[in-house]
Structure formats: C-alpha cells, structure tokens
There are 2 protein chains.
Amino acid sequence: MTVGDLGEFGVVNRITGRLPQGAAVMLGPGDDAAMVGVPDGRVVVSTDLLLEGRHFRRDWSSGYDVGRKAAAQNLADVAAMGAVPTAIVVGLGIPADLPLEWLDALTDGFGDECATVGASVAGGDVTRCDLVVLGVTALGDLAGRDPVTRSGARPGQVVAVSGRLGYAAAGWALLEAGAPQDSPALQEAVAGHRRPCPPYAMGPQAAELGASAMLDVSDGLLQDLGHIAAASGVRVEVDPQAFTVGEPVAAAAKELGTDPLEWVLTGGEDHALAAVFPANVRLPATWQVVGRVVEGDGVLVYGREIGQPGWDHFR
Amino acid sequence: MTVGDLGEFGVVNRITGRLPQGAAVMLGPGDDAAMVGVPDGRVVVSTDLLLEGRHFRRDWSSGYDVGRKAAAQNLADVAAMGAVPTAIVVGLGIPADLPLEWLDALTDGFGDECATVGASVAGGDVTRCDLVVLGVTALGDLAGRDPVTRSGARPGQVVAVSGRLGYAAAGWALLEAGAPQDSPALQEAVAGHRRPCPPYAMGPQAAELGASAMLDVSDGLLQDLGHIAAASGVRVEVDPQAFTVGEPVAAAAKELGTDPLEWVLTGGEDHALAAVFPANVRLPATWQVVGRVVEGDGVLVYGREIGQPGWDHFR
C-alpha cells in the first residue's frame, strides 16, 4: 500500500497516530499550529532542509534511519546552544508511490530520536513531491541559562569535543566505494553515516561547565571551528595528535587505504559538539581537549592555516 | 551572477545582509540556532513546505511573490490560533544556477511579508536542490490568551470570515487558461494567486471578540470548515448568499465562463480566516457572517452535504 492510496488526510492521521506527545507539547498535531511550552520565555529554534539524493539515499538508508538522522541534526543544533530540545515540527514532501512501510519507519525514526531527549513531534505538514524532502525545525528551552553562541571564544581558552568524529564520513566513503562491510567495525562506520549519535546532554552540560562558545560539527570540525574563530575574532589551534580515532573510522580507513584523521578533522554529519572552555576548566571524560584559542584568526593544524576544507553545498 | 558563483556561505551572508531583525529576535542568523522571545511562556509554531512546480511556478511568480506567499501562509497559521507572529525560520533549497536577483527578490519578499506583522526572519538553512524548495516555520506569541483551536465550535454559534476568498483560485485559473489579463480586476485576481493578503490582525482580534474556533482557509472554505465540524463534533451550515464576491473573482469568472461562487467556497490559498463566535457577538465590519453551527456533523451548503471538495495533495 502506498501514500497515494491513503490520500493526504489519511497520511496525516497515520503519521500522528504513531507519534506520542512529550511533556512540553501543550497542543499537538491537528490544528493550524502547535503550542509548545517555553517556561524560560525565550525559545531556541533551528531549521534544516534534508533532500533525498543529497543528504540521504533511499537505497543506502532505511526510512527509520532517515527519520532519526533528520531529527538528530536539528536537535543537535538546539543542544549546541546549551538548550534542552523540547519539540520538532516537520514539513514532509513525499511521492505518491512511497510505500506506507517506509513512511511508518520514517515516522518512528523521528519519534524515537526525539524521545532520546524527551522531545516529540508537535506538528507538521505533508505535501506531494517527486523526491523525499524533509523540512525539520527543532525548538528548545534554555532553562534560564545564557545561550552559548559562536562568538565567545577568547585567547587562552581550550577547545574540546564531545561525541563521534569521522564516523559519518567513513561510512559514506565505504558506501560510495561499494566496499565490503564484513566486520562489526565497518558496519558501525556505515551505521554512523545512516544515523548520527549526537551527545545531546553534553550541550547543557557544557553550558553549566562555563563553555563560552559552542557549535555542533555538521560540516567538518576544522571548518566549523573556523566559524567560532571568525565569530569570536580569534585563532583556533588544533592538535591533531589529541584525537582518539574511533575503531570504525580506523577500520574504514584501512579498508580504503586512506588517512582516518582526515575524516576526523574534516568529515561532517556526526553532529559531535565542539566547545571552548576557560583554561582552568575541569572537564569530565565526556569531553576531550583537542586545541586552544590564541590571538589571530583562522584555524591552524599541523602548523598550517586551513582554508575551507569542509562541505559547501554549492561547490 | 548565480547562486553557484557565490558559494554556500556567500549565499547565507547575502541573504542575512538583506534581512533586518524584529524586536522579538534575541539572537538572529549566524549561529546553530536562533533565539526568539516568547514572553507568554508558550510558543505557537507552524510549518509548511512549498515546492516549485507544485505550490508556485517561477514563470508565473517572481521571487518576491514567492517569498511573500511562503511567509504569508505560515504567518496566517499562527494568526489563526489568535497569536501574534514574531519570527519565521526558512529552510531554503535552491539550484546552483539560480540568478542572484531571484534570490534577492525572494529574500526581500520574506522580509517584507514578515514586516507587515512586525515579525522577521530569525534564521534558516541553505542547501542545493534542483528545484526551489522552501521549508518555512513561523513562531508566535499568544500574549496570555488561550489558543483558538478548531474544536471549540458549539451549536447555536455563528460562522464568520475575514479576508479574501476565491482570489487565488481565480488567478490560478486565469494563468492556467492563458487568459488575457487586460483589466485591473483580472490583474488583481492573478496577483491574488501570486501573493495572498491574509488578515493577520483579525486573528488576535477574533480571540478578543470571543471566537471559540478558528482556522485559516488554505485548502478551500468548505473543506476547512469541515475540519472545524469534525474537530468540534458539530455541523456547519453555510449560506452561499451571504458571501460578497470580490470584483476580481467575478471578473475572472466572467472571463472564463464559470461560477465565481465555486472559487469562493472551494478555492484555497487565500488564507482568509474563518471563525466561530457566540450568537450574540457584535462583529466589526472586518468580519462577515456566512453560516451557523448546528447539531450534527459535516458541512451543509445549498441544503446538500459536502464531501471533500477542496485540495488533497495526493489525489
């Protein structure tokens, strides 16, 4: 059975029927708009567009994977401000011949990823489109904290990361090369492309620990640290030897005969968090110091200044 | 010059440079997320996906028209809850060969439509896509009022509308027929397709006047009133003689030899507001009573019950 068999309102009812509502949602799907509680009086909001063929492929990722990934990358943006995600809304473009099983899996992926942070899908919109298009907007609450922006890095501070780096790039490279996935490590790398695991709770934790700048790594660590450098008017020096290369990333690099550190430093879509802390901070093991902030501009690694080594959607 | 010549970050800078920030935006574009003030502690949120070829055509509408229309339909959803729109965020998919003039016009359309209600574009996301895709999410504040949902209609109440009806459908029909636009009235009908004029301020006004149910007319009045009937467990009786047919709608109907009232009753995309009020309400001239709420279900017009005469995206 396909989406077209069900019709627009049947599709909407089917989606909303699978989605439990979280505590912050005061009015869920079914009206002109949803209503979400923001006790703080300031709502954090981030939006992303995900396109079939560009951000995911239906032959490489299941509907469930796509739902989790689409939710994750927006929830991570909210966490990267130091906020707790509360809800997402989803604009969904789907072909009429899309199997209902795929739609159900997508819906469950959205719901399950949101549930990992106590959030839920508060509303959305469904329209017909030749390819699958997802417009996802996440909301969050700062619980009285100041937002952690990109502009607060100061010379003398340290740069730390939390979460995976290089997994998504390694998995994508394996899939593109048609490489075998005959070990748990290689399978985990591919899973890293299909479904990122952002360290959501580390966002508010970093804020509590005094982070002065933070972002989520969506386009590649070096490029994203460049945003902090530019917004803060500082230089970021990255120590490549400070990184622990994940076993799946190392295995994929061995399989494809490439340098794993390149994926760690420039691979996007893992949605790790990168934050800048005061020099005297005592960081828990969830954070790894990988560099420092100095006077100047740009990002320095291996003693060389980095131009723009990450992802540009138009280049 | 095209979008591709500028690259992703050049495009982002170009867009944000054209967009002033409204009073509610506490942190605008340029970070992982924006931050918008919601003094009420409850944020109203609505999202829509607009696709080239389905919701607009670049040969029928300018970039400026598309921006205004995309903003309008989301701002109207927020107003239809009785809320004041405060900000939108936009996920933007555009081809690399899109002329920069078109992008600039689109940006200005978003900004200008938001400015009509004191809102602004607080953030967004840009990605490459073969067609123009817009994922728009609007936020709003209720200023302490209860949201006006679809489920509050009760027998004995009256149904009223505010804003244009039938203009967008008439304009679309003229364009599709390749009909001449050789009079101001016909030109106004076409303009009605390109750029709706939702009566935003009437949303909060209806809430203050005691509206117990409300929505914006996006799929056609009869179909949308059917949502109120279903959500409220009532029947809505519509009096077709109560409508004033706009001069542009009448002119288009004459040109194409059709019944203008059909566009008024079933045409979508004008984003008028339809609301249900207590029987003894004293409505200002901005509202026109067009029906009443009785016991039963469905929507009755000309003594006949209406099935689903509006727009279904999958049918």
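Yeah, the Cβs are placed from backbone N, Cα and C, and that goes for glycine too.
Just one of A:Asp77, A:Asp182, A:Asp259 is listed by TrEMBL for the same Mg(2+) 3 site as A:Asp32, A:Asp216, and that one is A:Asp77. Applying an under-8 Å Cβ distance to chain B, the binding-site residues A:Asp32, A:Thr47, A:Asp219 reduce to A:Asp32, A:Thr47.
Checking each of the binding-site residues A:Ser46, A:Asp77, A:Gly124, A:Asp125 against A:Asp216 (Mg(2+) 3 binding site) by C-alpha distance, the shortest gap belongs to A:Asp77.
The number of other CB atoms found within 10 A of the CB of A:Asp32 (Mg(2+) 4 binding site), across every protein chain shown, is 28.
Using CA atoms as reference points, the binding-site residues A:Asp32, A:Thr47, A:Asp48, A:Asp77, A:Asp125 were checked against A:Ser218 (ATP binding site), and the closest is A:Asp77. Ranking the binding-site residues A:Asp48, A:Asp125, A:Arg150 by the distance of their Cα atoms from the Cα of A:Asp32 (Mg(2+) 4 binding site) places A:Asp125 first. Confidence over the domain 'PurM-like N-terminal' (A:30-140), given as mean pLDDT on the 0 to 100 scale, stands at 97. Recorded residues A:Ser46 (Mg(2+) 4 binding site) and A:Asp125 (Mg(2+) 1 binding site) have their alpha carbons 17 Å apart, per Cα-Cα distance. When the alpha carbons of A:Asp219 (Mg(2+) 5 binding site) and A:Thr47 (Mg(2+) 1 binding site) are compared, the span between them is 15 angstrom.
The binding-site residues recorded for this entry are A:Asp48, A:Asp77, A:Asp125, and the Cα of A:Asp77 lies nearest to that of A:Arg150 (ATP binding site).
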